[in-house]
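Annotation comment: TrEMBL describes 6-25, 46-63, 90-108, 115-137, 143-169, 181-203, 257-279 as transmembrane segment.
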Amino acid sequence: MITFFFIIIYLGPMVLMMIVMCVQIKCFHEIITIGYNVYHSYDLPWFRTLSWYFLLCVNYFFYGETVTDYFFTLVQREEPLRILSKYHRFISFALYLTGFCMFVLSLVKKHYRLQFYMFGWTHVTLLIVVTQSHLIIHNLFEGMIWFIVPISCVICNDIMAYMFGFFFGRTPLIKLSPKKTWEGFIGGFFATVLFGLLLSYVMSGYRCFTCPVEFNNDTNSFTVDCEPSELFQLQEYNIPLVLQSVVGWKTLRMYPFQIHSIALSTFASLIGPFGGFFASGFKRAFKIKDFANTIPGHGGIMDRFDCQYLMATFVNVYIASFIRGPNPSKLIQQFLTLRPDQQLHIFNTLKAHLVDKGIMSITRSLLEFWMLCC
């Protein structure tokens, strides 16, 4: 599995996105199949058909939003895409309403309660699986490092918690997973933080990992090339006086991203395992050992990704809260699609603002305005 992970990373972001899509579909299939196996004897009409239809609707909505957001220029250039983009949310809502009406029409008097159970089952599955896998793809667009480091931290914590628990484990951690111990939980935490720091240091030096995935309009292809942001440039940090006598250094050179990796690895080791505990509780509720038997000896795909979805949501929220700022290139792209009078209005507003701030002189602004008019 680790070898396969390295291969798909080598193949690039587009392959990674396709893999995420395939994993999402398989996880959805495993959870829906459990519901079907539990209630199949009741012969609920259209249950599986509607479940897959809702999966299609939700994916159409999320991926349509992504395409419009990240490939704005391409969408505006192609007329069919531009029309689909303009009415995307209306089309998505219409598709969902169609499925909603089909569900209502499928209601059978003797199965009302069960049918609403399964309607809720499908929607909770969509929330857990599809929404969070969509966030994984958003993380990928920010740079492959935001995808690889969190996933690797979860894998490292899983392995190291097992190792520490196997050799030193004495105290049970939680009843849902009797084999989990406090020793493994704490040992996995420290090992994961150290691993995250080392992996972040190595990856921060490569543009292919740190640069955001962007669409190049000239070549009509995806590119991963940029000038590294300050987040991925080595900087000197002063070591606290208390620690200077211990380590013997006054300063330390490291990437700012390594500091963020501490937050990622901490979440992966302290909160991430609760995704696994949640999955264990779910399986116990239905008296099953694994979600499926897709991977020999490891169960289903969902058994391997129960912690990853929770981690993906945290990374996306973390980027939006502490990392991502205004994107000038997206603003320019939207500006160029406006009508000339709207562009001129924005130009005059911006010019007045810059003059008031003293950034642009009146003479220079008048000259540029004259050139614009000409």
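One is the number of the first residue shown, and numbering goes on along the chain from there.
Cβ atoms here come from the backbone N, Cα and C positions, even for glycine.
Automatic, uncurated: that is what TrEMBL annotation is.
Recorded stretches compared: 46-63, 115-137, 181-203; the one with the most Cβ pairs under 8 Å to the transmembrane segment (6-25) is 115-137. Packing against the transmembrane segment (90-108) from elsewhere in the chain are residues 44-46, 50, 53-54, 56-57, 60-61, 64, 84, 115, 119: each is 6 or more residues past its ends and has a CB under 8 Å from a CB in it.
Taking Cβ pairs closer than 8 Å, the transmembrane segment (115-137) reaches residues 17, 20-21, 23-24, 27-28, 31-32, 35, 39, 44, 47, 50-51, 54-55, 58-59, 62-63, 66, 103, 106-108, 147, 308-310, 312-313, 315-316 in its own chain, all 6 or more past its ends.
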